[in-house]
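Asks: Input: one structure, supplied below.
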Amino acid sequence: MTAPLDIVIMAAGKGTRMKSRHPKVLQKLAGRALLQHVLDTAAQLKARSAVVVTGHGAAEVEAAIAAANGAEGADIAMDLKFVRQEPQLGTGHAVQQAVPALKDDGLVVVLSGDVPLTTADTLQGLLDAAGSDKMALLTVTMPDPTGYGRIVRNEAGTVQRIVEQKDANDAERAITEIYSGIMAVPARHLTAWLSKLSNNNAQGEYYLTDIVAMAVADGVPVVGHRIADVLQVAGINSPLQLAELERAHQLRQSRQLMEQGVRMADPARFDLRDDVRGTKGSLSCGQDVEIDVNCVFTGHVTIGAGARIGANCHISNVSIAEDAVIHPFTHIDGEKVGVEVGAGALIGPFARLRPGAKLGREVHIGNFVEVKNSTLADGAKANHLAYLGDATVGERVNYGAGSITANYDGVNKHRTVIEADVHIGSNCVLVAPVTIGAGGTVGGGSTVTKSTEAGALTVGRGKQVSISNWNRPEKQPKV
Ligand code: UD1
Ligand code: MG
């Protein structure tokens with residue numbers, strides 16, 4: 001029988017080298033707080049509880065994490081608690097603060113809030129190695145192990161203890177197998193050993209790693225669970241390390257998509273992030289989807305079979321139907337409401353689709369066209385320099401260059417209805433609320449303030465005056 005799983009996440013450290021006003025564990029990787037990555041991984045393990053040890057910026061960390069995980073749609077099913085560590089006297093001291101929140105019957109996994117890329121599979125491997133009665137340490141071998149705790153094994157290869165860099169002698173410093181900072185240990189043992197820690201070492205800290213020698217002394221087996229992927233144990237201390245791990249994470253995501261058949265022009269130039277509102281980054285693609293370089297996807301995005309995304313697009317919270325083409329430099333953000341792009345639609349280059357844009361099949365939205373909270377039925381076109389806000393546009397409507405809906409009277413928004421087969425000329429202002437009747441035509445340069453009948457031609461502009469044989473003034477000679 002396996003023991004219930006409880007997670008302790010150490011997140012009290014300051015993160016001085018980030019040089020940020022915000023605590024390190026709230027720095028974002030792929031739009032998500034580092035600590036949230038760790039919690040998400042813990043949640044995949046079906047842990048019973050997670051205890052987060054906070055210290056520096058505790059109030060900010062607790063508020064941000066509680067808000068993210070209490071929110072609707074959050075997928076953290078485990079019991080989440082915070083305990084404070086003041087002052088911060090070392091990793092052993094940090095885990096000591098969590099002891100009152102831990103049950104005796106559990107297996108405890110200790111994680112760090114600044115190590116975001118450990119996979120659930122790796123942690124499951126560690127749990128399997130620990131079973132119900134052993135201690136398991138996640139380790140890796142590094143060509144340059146400087147700074148890390150070293151795994152000291154005896155001649156038989158059995159783990160004896162961990163020695164920290166600053167306490168190690170030359171022979172110990174030559175060891176290349178390091179402790180990742182991640183361990184699994186039965187709660188009842190952990191509690192007993194933590195109470196015996198001392199800070200009699202080079203840093204004057206209570207080292208969690210000292211419990212390894214205690215386990216050996218008490219005859220509790222210690223297993224070193226070694227993995228090859230160094231990225232999974234990489235911690236973040238500086239903006240550069242954050243950016244490097246972000247690239248590694250994005251490459252992982254683009255490789256996964258490519259394994260599903262997505263044609264990425266360059267897997268290294270791809271980004272999928274949570275959006276600014278915290279909607280988890282997710283991209284699902286049908287068959288034969290092509291994505292050119294430097295596209296940023298945020299929030300929830302679906303792309304239908306055969307659709308193509310041009311270079312340098314920013315695409316957020318939208319569903320793009322099959323065979324649509326999004327030309328380069330297009331910005332789409334459905335925010336909470338979403339955007340829909342119909343099958344075979346052509347969007348961009350340089351188009352902007354805002355929340356509530358719903359485009360039917362084969363709709364064309366050209367350069368410098370902005371669409372907000374508007375429905376365009378099948379085959380409607382707005383190809384150049386236009387604005388459609390709060391509009392309902394019928395099938396096959398042609399909306400001319402430079403035309404806009406004047407949807408805002410300074411206080412309220414109003415709707416414009418353009419019925420099927422209408423032709424709106426260039427440079428028109430449709431002052432809402434207004435309806436242009438089906439099949440009607442609006443002459444270029446018109447300002448339309450009254451609704452029009454079906455089939456009518458509407459012209460609302462100053463009449464043209466031409467004076468024949470008119471002479472320009474001539475330049476007067478200087479006196
Ligand atoms: C620790 C390990 C070392 C291991 C390395 C892996 C110890 C004594 N050493 O060293 O063997 O190789 O991680 O990265 O555990 N923290 C607190 N409260 C504290 C101190 C730290 O919450 O009082 C948190 C930090 O915010 C961080 C984590 O614990 O998330 C690790 O602390 P850090 O100071 O980075 O430990 P290392 O010296 O790197
Ligand atoms: Mg560290």
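Easy rule for this one: first residue shown is 1, then count along the chain.
Just so you know, glycine gets a Cβ as well, placed from its N, Cα and C.
Pulled these from TrEMBL:
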BINDING   K24, Q85, G90, T91, S112, G113, D114, G149, E164, N237, R354, K372, Y387, N398  UDP-N-acetyl-alpha-D-glucosamine binding site
BINDING   D114, N237  Mg(2+) binding site
BINDING   A401, N407, Y408, S426, G444, R461  acetyl-CoA binding site
DOMAIN    8-138  domain 'MobA-like NTP transferase'
REGION    240-260  region 'Linker'
REGION    261-479  region 'N-acetyltransferase'
Asks: For K24 (UDP-N-acetyl-alpha-D-glucosamine binding site), which of the listed binding-site residues (N237, A401, S426, G444) have their CA atom within 10 A of its CA?
Replies: N237
Asks: Checking proximity to ligand 2 here: which binding-site residues out of R354, Y387, S426, G444 have their Cβ closer than 6 Å to it?
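Replies: Those binding-site residues that pass the cut-off are none, since no Cβ is under 6 Å from ligand 2.
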Asks: Anything within 10 Å of D114 (UDP-N-acetyl-alpha-D-glucosamine binding site)? Look among the binding-site residues N237, A401, G444, R461, comparing CA atoms, and list what you find.
Replies: N237
Asks: Roughly how many angstrom lie between the C-alpha atoms of Y408 (acetyl-CoA binding site) and Y387 (UDP-N-acetyl-alpha-D-glucosamine binding site)?
Replies: 12
Asks: Six or more residues out from either end of the region 'Linker' (240-260), which same-chain residues have a Cβ under 8 Å from its Cβ atoms?
Replies: 18, 27, 29-30, 116-117, 231, 234, 267-268, 270-272, 283, 285
Asks: Does N237 (Mg(2+) binding site) have same-chain partners at least 6 apart in sequence with Cβ under 8 Å from its own Cβ, and which are they?
Replies: G15, R17, M18, K24, D114
Asks: For N407, S426, listed as binding-site residues, tell me which one has the smallest number of other Cβ atoms within 10 Å.
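Replies: Sparsest of the binding-site residues N407, S426 by Cβ contacts within 10 Å: S426.
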Asks: With DSSP assignments reduced to helix, strand and coil, which class does N237 (Mg(2+) binding site) get?
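Replies: The residue in question, N237 (Mg(2+) binding site), is coil (DSSP, three-state).
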